[in-house]
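The domain 'P-type ATPase N-terminal' annotation in TrEMBL covers 40-97. If you look up TrEMBL, you'll see 73-91, 291-316, 343-365, 944-964, 976-997, 1027-1049, 1056-1075, 1087-1109, 1129-1146 marked as transmembrane segment. Per TrEMBL, the feature active site, 4-aspartylphosphate intermediate maps to D411. Look at TrEMBL and you will find D411, K412, T413, E578, F620, K644, R685, T765, G766, D767, R861, K867, N890, D891 tagged as ATP binding site. The Mg(2+) binding site annotation in TrEMBL covers D411, T413, D887, D891. Residues or ranges marked as domain 'P-type ATPase C-terminal' by TrEMBL: 913-1149. TrEMBL lists 1185-1205 with the feature region 'Disordered'.
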Amino acid sequence: MTWRSPLALMRDALRGQRARDKELRNLVSNLPYEGLDKAKQPNRHFPSNAIKTTKYTLLLFIPMNLFEQFHRLANIYFVGLAILNFIPVVNAFQPEVALIPICVILSLTAMKDAWEDFRRYQSDRKLNNTPCLIYSRKEKQFMERRWKDVRVGDFVKVVCNEIVPADLLLLHTSDPNSVCHIETANLDGETNLKQRTVVSGFLNSAFEPESFTGVVVCEKPNNNLNHFKCYVEKPDKERAGAGIESLLLRGCTVRNTDHAVGFVVYAGHETKSMLNNNGSRYKRSKLERKLNIDVIFCVILLFAMCLVGALGHFLWLQALPGIPPYLVPDSSGHLDGPSLSSFYTFFTMIILLQILIPISLYVSVELVKIGQIFFITNDTDLFDEETDSRMQCKALNITEDLGQIEYIFSDKTGTLTENKMVFRRCSIMGTEYPHKENDKKLLQQISRAESSSGSRKTDPYLDFFLALAICNTVVVSMATAQRRRVSVLLWMGSGDGGHSQERKDGGKICPIKISSILNRTFSDSSVVEEDHFQPSVKKERNGGSYALQTCSLHAASESNKPVATSDNLRYEAESPDEAALVYAAKAYGFILLARTPDSVTVRLPSGEDLVFKVLDTLAFDSNRKRMSVLVQHPITKEYVLYTKGADYAIMELLVHLDYIYCGKQKNTAADTQHHLDCYAKEGLRTLCVTKKVVSAKVYESWLVDRQRALAAIDNREELIMDTAVQLETNLSLLGATGIEDRLQENVPDTIMALREAGIQVWVLTGDKPETAVNIGYACRLLEEEDLVINMTVGFQITCTSILDCTLEEVRRYGEDPRNVDTRPDISLVIDGRTLTMALSPDLQERFVDLAKRCRSVLCCRVTPLQKSRVVKVIREKLKVMTLAVGDGANDVNMIQAADIGIGISGQEGMQAVMASDFAISRFRHLKKLLLVHGHWCYTRLANMIIYFFYKNVAYVNLLFWYQFFCGFSGTAMIDYWLMIFFNLFFTSAPPVMFGIMDKDVSAELLLGVPELYRTGQGAGAYTFSTFWVSILDAFYQSLVCFFIPYLAYQDSDIDIFTFGTPLNTVSLFTILLHLSIEIKAWTVVHWVIMLGSVALYFVVTLAYSAICVTCNPPSNPYWILQSQMADPMFYLVCLISTVVALLPRYHQNSIAPSPIVQARHLDRLDPSEREQWIKEWRSFRGGGQVKRSRLSTPPSPSLGTPADLFPESPTTAEIIGDDFTLNVISENYQRPVHT
């Protein structure tokens, strides 16, 4: 290696930093520079692909770890006291002994950190040494290297089932359509296949890495997994734009593709996956914040006690008639005066009473939380057999917050509902067709349309189903060609028919692994119920004519032998909606056979296959609320734009022409809108489907703008969206679809239980108000007797007026003396546009004031950003504990904004789960998670922390009271080693066990009486008063434990340690029996730990008294406990002191009429008697089973009278309007307040 001057190294480092900080990077191939020094490499400034996630190095572990641990002020405090004890004038104990407690705590934490870091080191080493294929110019082929050898500018080849080692720009694939299929489960949890396409300038061309002479211009690395800006500039200055659709991300797995070749654009810590790898998020719980405040109170209390000691020592010295012989002057004969001695005594007292601050409390809290998480994750009631998934805890330090939730913000689709879409009905050209009733009529209509259209194959009915089959991003695969994943590979042999398959293009597919895990795919059964008539149309030639037949829409048989029929097709969709529409098209004979980046093949009911050339796909985005596919019709050669999207986003883009059908002019848009309203009232999800024929001139002009937008770097997303909006105008409406998304099991019961627990439930959804309100009634978010306030306005002045009028009405109701002990059941329905106005600075306070008076709030048509904004506003304005639950990527912002975020692992991928603090499989699991585990975690931890403070104050006060009899000299009557053992061993395990395993109320009663959850809300069980009551109790018990032995041994000749031994023993019994009173559910573990602690105390103390004669000179604890145990006075003192000390605590727990105490009395009843009591109580509360669920098998609407869909409840049209309306749903406006 050539020597370089430090100046040159510094200059190169600065250049590298500037290169990495640029917004745009110019990358070239490394091949021409292969073998040259690093200084001559063009991409040398960018990091290598080696990763390092460890925090420490071997040499610097101790100083770095200590620096990390000293971020905790408690550790600094105890180290400072240990150092202070080395000063002779203030030391209270042997200096080396004072270091033991803090050294033990620091050592245990350091060992834990070292083990975790060593595991990270092993993981990094394994990953960095994973083999991969990198092209070598010298060898003229791809050579096997390690991941750590990959550099920006290299060409990397990835084969089937391999993980991508770095972020690669896709330049070549083995697929003839230039497609590479990848699975992104390692990044976002989604197991459905995604397509990546070769950069546009390299499609269908033989690729040689050495012939690549272009410059790759890409954006600065960022953590956005869904966006990427890049273009390849060829030597002729031609630019080929590329986006995320051409980027293979590190961590993805290549599937169903023999191999792919890519150009490395980001490596190592600059890859998108590494930039998203932030580790577990740290949140500070509400209880922890209170704990820190109480630690400060303990510090103040400690200083007060030390001041008393210093003042007492000063007064004691002042009162002495002369200099006593035990005050020894220094070597020069100087004796400190009372003032200076009392100053030193202040610090001596701090050292003596230091354990008033619980040194092991933070470690114990962490142990308790780990134990609580173990029991939560292993609860079989939170296990979902259907998905084979259990509860996940991703945030390890906020379990107790689950017991203090006051507001829940929930998504609807996939959270309250199954997100398993069932195609129910459709409207085509103004005519409504229920899928399960009149589908024969629709089949006949399709047959007539196909016959009348002749060879052109253009008819509104045909176009409608072609749009359903084409306008999506569904990936088509064979049901028998499933993905395999395991480590052992079986290369295909010529005679092994079980393990070898042939590709359509004649090549063999990649190695197949032994065992398989099926990816999430959508089968026919997920979109149509089995007990319904499920037509799928196909035409078979019969003597020169086509016979119409129906075939089942059930899932294809998964036999090992592939059958070359359309029944073996498997559709992998990014959303269940797309899968439902594709299967619906298949049910009526329009079968999606294949999809490539350039074409899509659809089989018509007649059996004829049409191959549409795909010109462009205008992807869905949250602003446009629609997606489009531009294709060239294979017969007419017309450019056709098929679009589907939300009705409000489509209707405003329609061309205002009525359609002539059968000689009658039909107002298609108005009829379709009427059908859409009916669908929404049934709770169906609605989409509009349109078509537009684009002229060649318009297309060519638009294509120029489109290519310019795709090649842009700055404002690329905005330019792409503008080109989409430019084309999506003057659309012709084909029809609409209604898809059912059923409620999950037990959702109404869960919401009722949460509401009875004092939790406000809000639902934030992007659905139409009509759909959302219908589901609101079905899940009992809205009740028949509710006063529903609708807020759907167009102007801010109207919104202001509504808020003012409504608030005045609600306040007037509360002030009416006739309404004592009653409250109105108010629910609020608000749409996204009005919500934006209500959250403006001028109206925010009024909106929050109204919302907190509502029993439930339903927000419709809201965006992901609005969801998070609502959560933040409510949390900050009302100072309440919030929980957000969702299942999709659009819920991530809301989940991260709440105090606790819960992700549901459903059909929408795993983004919500990965961003959450806890993950569940079903919404119903929320009931037990909060009402049982949340209550237990909070009460256990709160009681344990209070007990910890009590324990330390009660013990340290024994030393404090003794100071009144030893001139406040800082002398201890208990051997210091036994004092250390007392906190580290004798009394450390019981409170940890108490915090992990105690159950104040049984799970059955907590679920049966949800109101018990309210004991943890607001201030909860851990309040200012409970803390100080426990401190006062500790003072009382310490007084009893000190003065009863003092009076018993008064005027006797026992020495100081003989007096301290019964004090230590009485204190142990009192502290452990105090905990025994607090324990509500005794198990074998409780008995073993409690009795074991007592046994350990006597064994260690007896051994110490017998063996350790000079461990702590000049004290001599020899045979003290043995002598005490031979004296009956010792047992009498222990018995009387313990009983007198615990009497107040015992009576307080016996007579306190709290709901928890009453619940414990119920727990003692027989199960049948307890169940009967809960049933009677629930009937009094108006609980019980849910009476209805409007989403199960919706009735066929009478389209002429849509208001009569649900005669037993109000229609949404009565609730939703452009003006302010107050609709009293029932005459039962008032309801007694139940406590």
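Cβ coordinates come from backbone N, Cα and C, glycine included.
Across the domain 'P-type ATPase N-terminal' (40-97), DSSP classifies residues as 25 helix, 0 strand, 33 coil.
For R861 (ATP binding site), the same-chain residues 6+ apart in sequence whose C-beta sits under 8 angstroms from its C-beta are Y648, G766, D767, K768, P769, D831, G832, R833.
Among the listed stretches 343-365, 944-964, 976-997, 1129-1146, the one sharing the most Cβ pairs under 8 Å with the transmembrane segment (1087-1109) is 976-997. Other Cβ atoms within 10 Å of the Cβ of T413 (ATP binding site), summed over all protein chains shown, number 27. The shortest Cα-Cα distance from D891 (Mg(2+) binding site) to any of the recorded positions (D411, T413, F620, R685) is found for D411. If you check the binding-site residues F620, D887, N890 against D411 (active site, 4-aspartylphosphate intermediate), the ones with a Cα inside 10 Å of its Cα are D887, N890. Taking the C-alpha atom of D887 (Mg(2+) binding site) as reference, the shortest distance to any of the binding-site residues T413, F620, R685 belongs to T413. In the structure as shown, the Cβ atom of the residue listed as 'active site, 4-aspartylphosphate intermediate' sits within 10 Å of 29 other Cβ atoms. In the predicted model, residues of the domain 'P-type ATPase N-terminal' (40-97) average a pLDDT of 85. Cβ atoms under 8 Å from those of the transmembrane segment (343-365) belong to residues 72, 74, 77-78, 81, 84-85, 87, 89-93, 98, 101-102, 105, 108-109, 288, 291, 295, 298-299, 301-303, 305-307, 309-310, 313-314, 336, 941, 944-945, 948-949, 951-953, 955-956, 959-960, 963, 968-970, 972, 979, 983-984, 988, 991-992, 995 of the same chain, restricted to positions at least 6 beyond its ends. In the structure as shown, the Cβ atom of R685 (ATP binding site) sits within 10 Å of 22 other Cβ atoms. Listed in sequence order, D411, S622, G766, P864, K867 are the same-chain residues at least 6 apart in sequence whose CB falls under 8 Å from the CB of N890 (ATP binding site). Neighbour list (F620 (ATP binding site), Cβ cut-off 8 Å, at least 6 residues apart, same chain): R626, M627, G645.
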